[in-house]
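**Student:** Here it is, the structure in full.
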Amino acid sequence: MSCLASCCASLTCGLCTSVASGITKRSARIAYCGMFGVSLIVSWILREVAEPLLKHFSWINTSDNLPKEWFQMQAVLRVSLGNFLFFGILAVIMIGVKDQNDKRDSLHHGGWIAKMLIWALLITLMFFLPNVVITVYGVLSKFGAGLFLLVQVIILLDATHSWNDSWVAKDEQKWYLALLVVSVACYLATFTFSGILFIWFNPSGHDCGLNVFFLVMTMILAFLFAVIALHPKVNGSLLPASVISVYCAYVCYTGLSSEPRDYVCNGLHNKSKAVSTSTLVLGMLTTVLSVLYSALRAGSSTTFLSPPSSPRAGDKKPLLESDELESGKGKNETEAQPVSYSYTFFHLIFALASMYSAMLLSGWTSNSENPDLIDVGWTSVWVRICTEWVTAGLYIWSLVAPLLFPDREFY
């Protein structure tokens, strides 16, 4: 066993060295995304083998007859805590970095072998902490996960408005036609999908008023988005309204599919194992994509997230292109070039995403009906539904706020 461990350690070190040497300044953000992706895979694997492993740790297995899901939750939360500390420490260290002459800029983009070792060490050390620390972290993770979902919604709103503005700015008939086609397609998808959800989650012969309420609210919100966006006094567009409608319908689906498998109104309960796995894969894929997008756009979505000296903090016209800023190239190599995005916000996104992924894998630390089911239970249902409603509220606010406060400038 010791020989095998030594071989694994040697191979791991060699792999880390080769990967670290290939990371350039421009690919640093992708490298951080890769580390986060690896942490998700590690969490998933340890979740499946947690019970036989953690039973041998006396400070974790503190009582007899602990259920399987308890060990699974411990493994997921401990990996998440190590990941959270790694990115959280980096976020604190990077506070106030404004230009590339700051020594911390090289820390953000370099030192990958040391960072990989520290990252692995932090995750390992978390398995030597007492259970009470993990319990507290589990409670805090619920709030951190909620904050991550809020940030994700804000970035989604920013993306849809940017998409619409980029096509409108082309000022050509074909792009206006494309806007119309995409918008109509999204609305057709929204109402078609909602109709399918009525069949799945409102089976005949059962009183499923709660599910009907969720679905009717989703359809009403989609209609309301279009009405408000197309109002003459609102400077809105149909494309963002349609995209947000599709997203709300998807979030409603994830909420309904998270209902307990013995709930008669859950039309998917007869395929609990298959649905659990597919929900996990889809949820994890959505998490990775949303984290990747938010991290790559960190500091550029809104002005207040950018450092004071960044291009977006002042004039809207960038002083330098983002890739030039990261590589340190500009018109004058001797001048201090501002950073192209907020390093602190960048790492904070990953820290919050670590909490969210832990909640996803542990069923928001409240799933006790079946240890093989993932992200199932009423807690998950209400988190999803509340996320949908918050998304709707923020989008409507983005439309009506300029009317309510005409003297303020909204970005």
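Keep in mind that glycine also has a Cβ here, set from the backbone N, Cα and C atoms.
According to TrEMBL, the compositional bias 'Basic and acidic residues' annotation covers 313-333. Here TrEMBL flags 301-333 as region 'Disordered'. Residues or ranges marked as transmembrane segment in TrEMBL: 28-46, 75-97, 117-140, 147-163, 175-200, 212-231, 237-256, 277-296, 341-361, 381-405.
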**Student:** Check the transmembrane segment (341-361) against each of 28-46, 147-163, 175-200, 237-256, 381-405 and return whichever range has the most CB pairs under 8 Å.
**Tutor:** 28-46
**Student:** May I ask you to check whether the transmembrane segment (381-405) and the transmembrane segment (28-46) make contact, with contact taken as at least three Cβ pairs under 8 Å and only pairs 6 or more apart in sequence counted?
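**Tutor:** Counting Cβ pairs under 8 Å, fewer than 3, so no.
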**Student:** So which of 28-46, 117-140, 147-163, 175-200 is most in touch with the transmembrane segment (237-256), counting Cβ pairs under 8 Å?
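**Tutor:** Comparing 28-46, 117-140, 147-163, 175-200: 175-200 has the most Cβ pairs near the transmembrane segment (237-256).
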